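See structure below.
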Amino acid sequence: MKKQRNLRSMAAQAIEQVVEQGQSLSNILPPLQQKVSDKDKALLQELCFGVLRTLSQLDWLINKLMARPMTGKQRTVHYLIMVGLYQLLYTRIPPHAALAETVEGAVAIKRPQLKGLINGVLRQFQRQQDELLAEFNASDARYLHPSWLLKRLQKAYPEQWQSIVEANNQRPPMWLRVNRTHHSRDSWLALLDEAGMKGFPHADYPDAVQLETPAPVHALPGFEEGWVTVQDASAQGCMTWLAPQNGEHILDLCAAPGGKTTHILEVAPEAQVLAVDIDEQRLSRVYDNLKRLGMKATVKQGDGRYPSQWCGEQQFDRILLDAPCSATGVIRRHPDIKWLRRDRDIPELAQLQSEILDAIWSHLKSGGTLVYATCSMLPEENSLQIKAFLQRTADAELCETGTPEQPGKQNLPGAEEGDGFFYAKLIKK
């Protein structure tokens, strides 16, 4: 039996690591969840994700409720108060229980002398809640995005930025990809129905199913057998443009964690696939995904800017480049992105994308297809990136996705329930 731990203090420490140390929640959270019961795993995740989703609101409230911010060794208490405020604002946890557990969290982080302070701040919020929220809802902080990102979205999407921000602040739906080598989508939906769950097919992507209510993967029919994979609908859209065929040599570049690698092999089981990623640790997930689905691909660690180091002079029929990007299209799925990214990251990412595109183009066969994809919402990484590439690359031609003036197809977050995503299909003349 797992030792009872104070979830509020665990959440506060995890959030502090994200915000103060720039660590990714997807790296921090899983080891913490191993320390708690199955029942508590979900609550710990809700507290971490929820606080990061609403961080600017909680920060704003603390600044109103406290004369001085908590600094230095007391900084964890700042995040513990955030966890308390989040519970009072957004969860069904009875207020007395939320307060008691949060105050007790001070003991777990070895700050028992601050129990009274935490209790006082949270009770003051309860008394002033209506007037504080009215003031907050009239401020720019209500958008729950850092100002640099808000400005970029307003500039890029003058008519749509508010709906983008709103979608980013929602909980994401759970999308699945049915493995067509095992089941048709309809036959798997029937199995899902028999298991007492409901799912809905995507109108455009033939393998995509949205669950009515998110569920643990082990509850899904045939998950362990490889019948189904968790993957957002927009990410599945890459296959529409790549259209892999049996017998082709296909490169999946920046492939980890392997969702698109395995999708290529579901669509074209006899394709020869090379999956490459710069991050050796994340490549272990590519191997895991291939193993669960019973598939074979060549997997290599390598830098996309220097392809000759890992593929020599090899030429490919098709290349999928899921480029490293700001991930500003998947904020609803990874709310820590809002606080991990900086404005200065964008030109650096655009430069890296440009270098990878130029380097890999020479490894595409004449007549071959390259699909450039990102989960970004920013033109510098998307349409402007492809426009510049087309201008400097004489043998590149845009195909089916946009126009030379406005190249690519941009999915907005929440549109047809998918994530924000960009695709450009290029043909080598």
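Quick reminder: no glycine exception, Cβ is built from N, Cα and C everywhere.
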Recorded S-adenosyl-L-methionine site member, picked from Asp232, Asp322, that accompanies Cys254, Ala255, Ala256, Pro257, Gly258, Gly259, Lys260, Asp277, Asp303 in Swiss-Prot: Asp322
Pairwise Cα distance for Cys375 (active site, nucleophile)/Lys260 (S-adenosyl-L-methionine binding site) [Å, integer]: 13
Cα-Cα distance, maximum over Cys254, Ala255, Ala256, Pro257, Gly258, Gly259, Lys260, Asp277, Asp303, Asp322, record's S-adenosyl-L-methionine binders, Å: 19
Cβ-Cβ distance under 8 Å to Cys254 (S-adenosyl-L-methionine binding site), same chain, at least six residues away: Val276, Asp277, Ile278, Gly304, Leu321, Asp322, Ala323, Pro324, Ile356
